[in-house]
Amino acid sequence: MTDSHTAGPFIAAIDQGTTSSRCIVFDRDGRIVSVDQKEHEQIFPKPGWVEHDATEIWTNVQEVVAGAVEKAGITRDDIKAIGITNQRETTLVWDKNTGEPVHNAIVWQDTRTDALCKELGRNVGQDRFRRETGLPLASYFAGPKARWLLDNVDGLRERAEAGDLLFGTMDTWVIWNLTGGVNGGKHVTDVTNASRTMLMNLHTMAWDEKIAESIGVPMQMLPEIRSSAEVYGEITGGRLGELLGGIPVASALGDQQAALFGQTCFSEGETKSTYGTGTFMVMNTGDKLINSYSGLLTTVGYKIGDQDTVYALEGSIAVTGSLVQWMRDQMGLISTAAEIETLALTVEDNGGAYFVPAFSGLFAPYWRSDARGVIAGLTRYVTKAHLARAVLEATAWQTREIADAMTKDSGVELTALKVDGGMTSNNLLMQTLADFVDAPVVRPMVAETTCLGAAYAAGLAVGFWNSTDDLRANWRRAAEWTPRMDADIRDREYKSWLKAVERTMGWLEDEE
C-alpha cells in the first residue's frame, strides 16, 4: 500500500476524460491511495472534427482500474463501491447485441453539427429548446451529434428504430460494459449527463419526447435516467469481473458537476471553477431552476438518490490553459508552461495590453462564433513580459465576466471561489483572480476534485459516508488568496478589457 496511515475500506472512481482515462482509489478521509492513468488517441478526420475510439477507451478503463487496485495493494473486499465521472456530451451509438460501436464517439469539441444546429434553430433561433433544456442550440451538446450519426451512417436509422442500437454519453458506455455489456449490461445515465444531451426536460427530469422528435433521435435508443448516486448494478464479467466482480457501480456525474461535488459546494451560491485547457465555472443554485439571460447554461448540479435535484448555472470559457500552451508551442515566448508566471512577475502590470483569446469564437457569456483573437492596446512600450501578464489576466477577466453573469442571473453575490485544475499551481494567476473577481480564491488539498466527487457520490450511495456533512469535514484548504487591488484601478482595467472584447466580434463574415 502506498500510504502507511491508510487502512481500508476504500472507494474507487473512474474518470473517463477527454485525453485519458484514470482510476483513483480514495480512503475514508478523501485522500488519494493510488492512481493509474492511460491516454487514448485523439482522432481528427477533418478540420473541426474530433473523435475517440470507444473500444480503445473501454480497454483503457479496464486497465487503469486493475492498475489502481494493484498499486494500492488491495482486493475486491477492500472496495465498497466504484463511481464514474466523464467528459460530458461526447456521443456514442453501439449495437446492443454485439456491443460494437457503429462509429467512433463524436467528442464534445467536435463542430460537425454546426449546420444542423443552425437548421434546427432556423425560424426561432438558438434558444428554441432553452426553456425546457437550459441549453442553447450549439454543436457542443449530444442530441444533435446522435442525429448526425443516424443521418450519416448507412442503415443506422432503421436499426435504431428496430431497437437494435443504444445511445449514450461516456458514462453510459462505461456503466453498460462494467455491468455485463451484451450479457445484461445496465443501459443508464445520470441526471447531470442527461442534462447535456439537449433531450432532457429540466422541469420533469425525463426525456422530452417532443424535443427528441424535433431533433430526430428515436426514444428507444435512450438510456434510463437515474440519480447521480445510487447502485446501478455490479461489476460482472470480463477482465474486471474476475478481479472485482460484485462491487457496486454506484455513481455517475459529468466531470464539471463531479468537481462541484468534490469541492463540497453543497449550499446555494457556492461556486467552483476548474482551470484546465478551458475553464468551467459552476454555481450551485439549490432547488431553483434559474433561466439565464446572461449567456450561462442552466444545468443539473447533482441528485443524490431520492433527494431533490440540485440545479446549477454554468459558464464555460473556451481558451485558458491552452493560451499558455500557445505562447509556448506556437510563439516560443516561453519554454515551459510554468515560465509564464516567472516572466509575468518581471513587470508590474500589463503595460496597457489586453489579450482576448477568441481562437474559436467566444463562449460564455457571449456565445459568438464569429469572434477571433485580438491583442489590443499595443505600443512600443509593451514587452513579452507584459504579454505574459496579459495572458494570465485574460483568464482572470473571463472568470470575472462569468461571475458577473452569475450574480445577475441568480441575485447571489460570489463570497468565495473554490478552484481546481492544472492552472491553479500558478500563484500569480490565483492572486489576479482574487483581485479581479473581488472575492477570496481557495484551493483545496486534494486537487483531483473530479474523481473525488464521483467517489463521494458512490460512497454516499452505499453508506460509506452518511451525509454531505461527513464530506464537508474532509475538505481541507491548501491555499487562499484575498483581493489586494484598488477598486478604482479594477474598474478602469475591466472597462479596457470589455473594449478589447468588443474588438474581437464580427471578424468572420457569414459566408466564411
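The first residue you see is number 1, and the count goes up from there.
The backbone N, Cα and C atoms fix where each Cβ goes, and this holds for glycine too.
Per Swiss-Prot, the feature sn-glycerol 3-phosphate binding site maps to Thr18, Arg88, Glu89, Tyr140, Asp255. According to DSSP, Glu89 (sn-glycerol 3-phosphate binding site) sits in a coil region rather than a helix or strand. Counting only residues at least six positions away in the same chain, the Cβ atoms of Trp108, Tyr140, Phe141, Ala142, Lys145, Thr169, Arg196, Thr197 sit under 8 Å from the Cβ of Glu89 (sn-glycerol 3-phosphate binding site).
The ADP binding site annotation in Swiss-Prot covers Thr18, Arg22, Thr277, Gly321, Gly422, Asn426. Gly422 (ADP binding site) has a Cβ environment of 15 other Cβ atoms inside 10 Å.
The ATP binding site annotation in Swiss-Prot covers Thr18, Thr19, Ser20, Thr277, Gly321, Gln325, Gly422, and the record cites sequence analysis as its basis. Counting only same-chain residues six or more apart in sequence, the Cβ atoms lying under 8 angstroms from the Cβ of Thr19 (ATP binding site) belong to Glu39, His40, Gln42.
Residues or ranges marked as glycerol binding site by Swiss-Prot on the basis of sequence analysis: Arg88, Glu89, Tyr140, Asp255, Gln256. A helical conformation is recorded for Asp255 (sn-glycerol 3-phosphate binding site) in the three-state DSSP classification.
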Give the distance between the Cα atoms of Ser20 (ATP binding site) and Asp255 (sn-glycerol 3-phosphate binding site), rounded to the nearest whole Å. 13
Given the recorded sn-glycerol 3-phosphate site (Thr18, Arg88, Glu89, Tyr140, Asp255), which additional residues of the same chain have their Cβ within 8 Å of the Cβ centre, ordered by sequence? Asn86, Gln87, Thr90, Trp108, Arg196, Gly254, Gln256
As a whole number of Å, the Cα atom of Asp255 (sn-glycerol 3-phosphate binding site) is distant from the Cα atom of Arg22 (ADP binding site) by 13
CB contacts under 8 angstroms to Arg88 (sn-glycerol 3-phosphate binding site), restricted to the same chain and 6+ apart in sequence, sorted by sequence, are Trp108, Thr169, Thr192, Asn193, Arg196, Gly254, Asp255, Gln256
Might you list, by sequence position, any residue in that chain lying six or more from Gly321 (ADP binding site) with a Cβ less than 8 Å away from its Cβ? Tyr275, Gly276, Thr277, Gly278, Thr279, Ala337, Gly421, Gly422, Met423
Just name the winner among Gln256, Gln325, Asn426 (the binding-site residues) by count of other CB atoms within 10 A of its CB. Gln256
Could you give the Cα-Cα distance between Thr18 (sn-glycerol 3-phosphate binding site) and Gln325 (ATP binding site), in whole Å? 17
